[in-house]
Amino acid sequence: MAMAMAMAKLLSFLFYLLLHSNVGEGFDVRQHLSTVSRYSAAKELANNGYVPSTIPEECTPIHLNLVARHGTRSPTKKRMRELDRLASHLEMLVNDAKHEAEKGNLSLEKIPAWLWGWLSPWKGKQRGGELISKGEDELYHLGIRIRERFMDLFNEEYHPDVFTIKATQVPRASASAVAFGMGLFSERGSLGPGKHRAFSVISESRASDLLLRFYDICETYKQYRENREPAVGKLKEPILDQISSALVSRYQLNFTRQDVASLWFLCKQEASLLDITDQACGLFTPSEVSLLEWTDDLEVFILKGYGKSINYRMGLPLLQDVVQSMEQAIRASEEHNDPGTYEKARLRFAHAETVVPFSCLLGLFLEEAELARLKHEQPLELPPKPPQERNWRGNVVAPFAGNNMLVLYTCPTNNTSKYFVQVMHNEVPVPLLGCDGSDFCPFEVFKVSHPSNSQDTSGDETLTLNSVQRIYVLQEKIVNPHLAHNYNSLCSAKLEEPQPISVTSKFFYWLFSKKIDDEASSHKTKLEL
């Protein structure tokens with residue numbers, strides 16, 4: 001009888017582990033960390049259903065634009081202090097549970113062993129946010145892969161005017177640029193065993209970096225974000241409350257909503273930076289991880305993505321800079337300039353707040369109907385709640401080292417257009433709705449009535465061309481709609497005071513379950529484009 005009871009307890013325990021373990025077959029928590037995901041995890045999630053365009057053999061790349069996020073980094077000083085507070089609170093919860101166990105009110109068997117005496121791995125650190133070795137590795141190998149993929153572009157001697165490298169003044173971004181450059185130009189110099197060479201990284205002041213830190217300068221956006229952040233917090237609360245109730249029942253510890261938020265943050269840091277998935281991450285079931293990931297994705301969507309047009313339209317200076325660099329490359333090609341006299345790559349290293357708006361300006365991660373709504377200034381629905389599928393996932397949109405590349409090709413024998421642009425996200429060609437679902441966009445051709453009417457908008461002398469000038473389909477269908485807006489007018493405008501707006505029960509049911517709806521209906525606010 002005793003043996004049967006012991007066997008029953010063992011089976012029950014094994015069943016419990018099966019239900020609540022994140023290490024179950026087919027589920028890797030490292031692929032569900034939203035924008036805290038490492039680049040390697042994001043690459044594994046690439047959509048393999050899309051078949052990229054076949055680039056004709058006669059087409060040659062003549063210019064490359066890169067907009068990349070910094071690599072995997074340590075938590076910031078502010079978040080490290082949060083983890084120290086979490087450690088103190090967990091100690092209090094465990095001690096309370098120990099006292100209750102001594103009274104015979106609960107069992108300590110359900111408390112995970114790692115919680116006893118847990119301290120933050122970053123305890124005692126005075127600084128944070130720096131690029132870690134994994135992040136260096138991500139950018140270093142990205143540089144090597146890009147060089148190998150586009151050998152025709154990177155086959156000549158380095159010069160800072162030929163290969164322009166820019167980064168924000170934030171150390172993790174400039175360090176990412178250095179790691180990338182070390183990979184890109186490895187074995188191209190004479191420094192050390194790796195035959196490295198020195199190269200230049202340009203940074204603008206944080207206070208005036210219009211191209212890579214436009215979000216710091218745009219007053220309209222800063223006001224929008226300040227107004228909207230509390231509402232985003234309210235959107236998360238029902239999910240955090242639901243999961244905290246589940247954790248209290250599961251582990252017999254009085255976890256609060258804030259505990260769950262901090263434990264989820266710890267989970268992301270442990271899994272992404274330390275490859276630890278059986279501690280904080282192990283507290284949550286796969287379905288709970290998916291819900292927490294979704295709340296993070298909502299935040300990115302609302303505050304950085306398609307949730308409001310100012311989020312991405314403030315990135316117009318960056319988009320214009322990309323287009324201008326391609327126009328200059330076309331002029332150099334038309335004039336048959338000598339190698340080494342014109343720019344072949346413009347490489348930029350910044351942050352998620354840069355990469356996400358730029359992706360939105362290109363129209364990535366949209367369905368056809370959503371693109372139509374944006375063109376008519378209509379709001380988009382939020383990314384659907386799990387288990388529904390969604391295009392908008394933070395770990396794909398902007399993981400650590402996430403990037404967009406636009407590669408300009410010349411195709412001399414093509415009958416319709418001479419120049420094409422291929423768009424890639426995280427090194428994978430992606431279809432653009434603005435280019436009829438193709439990742440390889442042709443240029444439209446128009447003839448200049450008189451050469452002297454053609455002005456170089458970059459400030460150079462008037463160009464006299466023996467052939468026609470060409471405009472991109474990319475610029476006509478993707479760039480031009482945004483150019484109807486002006487950065488200064490967009491970012492100087494005052495937002496209207498938010499008005500309380502009721503929400504329909506149908507929309508609220510979509511966002512949360514009926515039970516959560518009944519408990520938190522007063523927290524939901526309407527999102528406008």
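Here, residue 1 is simply the first one shown, and the rest follow in order.
Cβ coordinates come from backbone N, Cα and C, glycine included.
Note: TrEMBL annotation is automatic and uncurated.
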Practice item. If you have TrEMBL open, could you say which of Cys411, Cys435, Cys441, Cys491 makes the disulfide with Cys59? Key: Cys411
Review point. What residue among Cys218, Cys281 is stated in TrEMBL to be the disulfide partner of Cys267?
Key: Cys281
Practice item. Tell me, from Cys441, Cys491, which cysteine TrEMBL puts in a disulphide with Cys435. Key: Cys441
Check your understanding: Between the disulfide-bonded residues Cys267, Cys281, Cys435, Cys441, which lies closest to Cys411 (disulfide bond), Cα to Cα?
Key -> Cys441
Check your understanding: How many Å separate the Cα atoms of Cys435 (disulfide bond) and Cys59 (disulfide bond)?
Key -> 19
Practice item. Consider the disulfide-bonded residues Cys267, Cys281, Cys441 and say which one has the Cα lying nearest the Cα of Cys59 (disulfide bond). Key: Cys441
